[in-house]
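A.B. asks: This is the structure, below, for whatever I ask next.
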Amino acid sequence: MKSPVHRCRDVEHGRGQGRTGAGTSCLQAEQRIPISKDVITSSAASAMWFIRDLCGIVCAVITWLLVLYADFVVLFVMLLPSKNLTYSIVNGTLFNILAFLALASHLRAMCTDPGAVPKGNATKEYIESLQLKPGQVVYKCPKCCSIKPDRAHHCSVCKRCIRKMDHHCPWVNNCVGENNQKYFVLFTMYIAFVSLHSLLMVVFHFLYCFEDDWTKCSSFSPPATVILLILLCFEGLLFLIFTSVMFGTQVHSICTDETGIERLKGETGRWVKVPCWEAMQTAFGGPFSLSWCSPFSGLSCNRSSPEYVPVPQGKIIEEDVIEIPLN
């Protein structure tokens, strides 16, 4: 059964006055103990995650087309017409490997559950199944009617509460959360490498064409070659700046154990922060190794459905702040 939305209020971890049940007075701020994210079961009952947002889908397609355009210009304008076979093979191989890793990271960031909280689990039966201690408090999201663990925020695009949500990125058509932040970091890193590599090759190709005949340095006409190279240079410079800033921002967020939305809302100091290296290991899935740079780590070919803990059904609780034990 669905709860009347107009009777719910958006309570962010004890801000504002919330009801704790019929005939129960409001809790003092120091009595409000948010439950850990580890208590809430994951919603990843399916192996596939995809957000049906038109703007995000268009942005994701544009991202792939821009990478493919860069690959086309690099191969057919600069490398294949080159007289230096070694130069063409080395740079072509390196560029395509980086482009492949960038697109693979983009796909993993887009199709990985960022840490969505089960929708509509704010029922008395489900809360009782968590076996929480008396005096603890659970918070209900009035928008998706789910129990919000600590450091979870609601995304209006995904229409879900996301654990450790940093932001919603239309370029990957997904939220960046605790489960897919690694892939988003890898995506920005590899795009920055691809952009830098393409810019260097454009500079060398311009120098080569100025020294040689323009009709011989490319299989296209000189005007078409110049236009294609200028567009690639503009694209590479723009994406190099953008992805470098995003990469630095994400690494800083991981090291400070503080997401972008938490900084924006001024929610710092509500949790015990972990050291930088420990936070990096948590985000990238273990001790430092080459798997940190791989978008395929954690990818399994096992088609069996993951273990799913059924959520006890029942009527959605109308209160935004619920005290344990329930009244």
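Numbers here mean position along the shown chain, with the first residue as 1.
In case you wondered, yes, glycine gets a Cβ from its N, Cα and C as well.
Per TrEMBL, the features are:
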- 1-23: region 'Disordered' (REGION)
- 54-79: transmembrane segment (TRANSMEM)
- 85-104: transmembrane segment (TRANSMEM)
- 140-265: domain 'Palmitoyltransferase DHHC' (DOMAIN)
- 183-208: transmembrane segment (TRANSMEM)
- 220-242: transmembrane segment (TRANSMEM)
A.B. asks: Which residue counts does DSSP yield for the domain 'Palmitoyltransferase DHHC' (140-265) in the helix, strand and coil classes, in that order?
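C.D. replies: Residue counts in helix, strand and coil order: 72 helix, 17 strand, 37 coil.
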A.B. asks: Quick one: mean pLDDT on the domain 'Palmitoyltransferase DHHC' (140-265)?
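C.D. replies: The predicted confidence over the domain 'Palmitoyltransferase DHHC' (140-265), as a mean pLDDT, is 91.
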